[in-house]
């Protein structure tokens, strides 16, 4: 019968093609270069995977600005050289980067939108790796995304330089050999904040935590709790709030009824803006409990959030990875800050956020590691970055620890300004916690349960 | 053959050929050319085409045949993904057990949700399924974090047991494979400036998609399918004739949920991570869009709709203003800026806007979806067809 013939042929055809597709890869998949997306032409492609839509779109836009600036500086096409002038190794010599590309190749980039969703971020990173031939992926403004993309990069055999990600898990239980984080983490926030909280508010406080109901919230709450309890504080309540919550009134009322005299808001982004605004509207800041003034603490501060919360942030303590006023106020130890702020300001007309800073630094660190290693191969880059000490990148002397690929550097404790002069100068630096105080053992309980594995060069 | 009439057999054949040669005609532009931006022939996107094709085919069995609009279908996709990743963590990296468990778990889940939701029809049914899906999402996102990984998603780890296969390969997590064929391994074939990529995972998913498509044709043409259509056209009349329609709708719901679980299991096999966002209501809405865009109640429509939406999501969304400026660089400076400003809202993160416009145009001018468009074109150019076309009978406007 004719229809029988028709379909048999179709089946044969499909079978033959599919069979060929299944059989071919075994002997063709290995490339000559020995690693994924080895750059063969005169250019090398980096993938900038940032949130361009969704709750962290502001951070994403600032990260992208920083990446474009870093590419300008790496290619020597910018108005100046930014941190390439100040970037120094532990022995005091300057970086090997000369502003003439990386290993003689011009740096190009592709961008993608993570939408702050792990699935979308992985799809976007995959298309950069598979379609655009990106040799390194960087960016992101959420730990969930960072962890998801880091695992993908490990599988695919490319380097991942994390952007803004603060949860312990990124370099804790979900750490990967191909992933690196420059940004600080929840533990460091807790360790940096606790002594200052004790000094400012006394050591017999009762704290009430409102925590965003996802991984970053959990690790931050744990870190702040354990650090403050070690100082003598008592935790009287912890409540999880949904990430999508926009009105926190119903969560603030129980705080008024408890005998807590400190409210810790383990929130970020829009959550933090809303919860803090609600808390201030409820008059928490004017309350007196147990004869002490009621205080609010926000463990992870960001300029962009401060802008959103407006005058409500006045007098509220928090921690930051970096601030653009650092070098002006605390001197040459934090060199690089002014160089970066200046070239960012020249290009865009306003000072960079800490998200922009960490992304810029990560790009330069990657390029420098490639140059020192003399190869784009991920394993060579991992070797060059592990245990790498550097200075002049705005945070003072910094170490990329080999055991967990986390950067160790000073942490800044900031307070919202009472009378900000302009919309970019909303926080004042209270103190800088030296790196020794925020350093922990790689097997610290808050970071336990993961393994780096070994570096992966991919196909 | 296979119990199909000639028309269905040729449709299946066309789909098989399209799927088999997709790496070629999804990459029509040479590498390095300005149009290479529009190439879609890279493994991740091709896998997505067929996987979401399966999802939409399954959804169409429920929505296209019975008319029950489920607004929570993504929950089954998510449950399937979680089940598959757990199999990778506990049993082995072979994709077969993972996919089987994904289908079973999604089926059980669909049975429970369907049993409750199908007590109502119409908008109440839609809202019930939506509520269940959002509940599942919320559970996966926070309450069940130990099982689902919460916001980070469920991932493989080096210290997973994987009792049937090696837990690690060379210090790294092994990748999902089918008896040694790694899902991610690809072969590239350069022909002149063209570069074609053949991916194991894609062909594996494609074969499963063809089987699902075949099964869906059989369901459409079976007495069971006829009964489902009767429910769509007038459920009350059916009840008055003494038939209990609930078992039929429940069966359709479970089958459709199992298709979604299959798609979820395949997604996890291609990329071993399951995130809660997969279950979010927008993901459920997406499959409704795919089905309506392609043509509700048609066989091939949902697959086309899935392809169109995934193409736009992955290709249009990656065009940024720099790329636009290079395209229109030939125009005088002022004019270039104007053109770029006009187009910019519709590309990049504005791809949803483009999708919305396309969707509106399709619903208004082609109520039968892309399939109706294809039929109109073929009627315009083709010879006069016989008046009665069985497939035309099934193209009805979306509710």
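Every residue, even glycine, has its Cβ placed from backbone N, Cα and C.
Automatic, uncurated: that is what TrEMBL annotation is.
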Where TrEMBL places transmembrane segment among the ranges B:46-63, B:64-81: B:46-63
CB contact flag for the transmembrane segment (B:94-116) and the transmembrane segment (B:9-26), at least three pairs under 8 A: no
Cβ contacts the transmembrane segment (B:323-347)/the transmembrane segment (B:287-311), at least three under 8 Å, sequence gap 6 or more: no
Positions whose Cβ lies under 8 angstroms from the transmembrane segment (B:200-220), at least six residues beyond its ends: 2-4, 8, 11-12, 15-16, 19-20, 22-23, 43, 46-47, 50-51, 53-54, 57-58, 60-61, 65, 95, 99, 178, 181-186, 255, 259, 262, 266, 269-270, 299, 303
Which of B:9-26, B:247-267, B:353-371 contacts the transmembrane segment (B:46-63) most, counting Cβ pairs under 8 Å: B:247-267
For the transmembrane segment (B:353-371): best-contacting stretch of B:9-26, B:123-144, B:247-267, B:287-311, by Cβ pairs under 8 Å: B:287-311
Contact set, same chain, for the transmembrane segment (B:9-26): CB under 8 Å, 6 or more residues outside the stretch: 1-2, 39-41, 45-46, 49-50, 196-199, 202, 206, 209-210, 213-214, 217, 299-300, 303
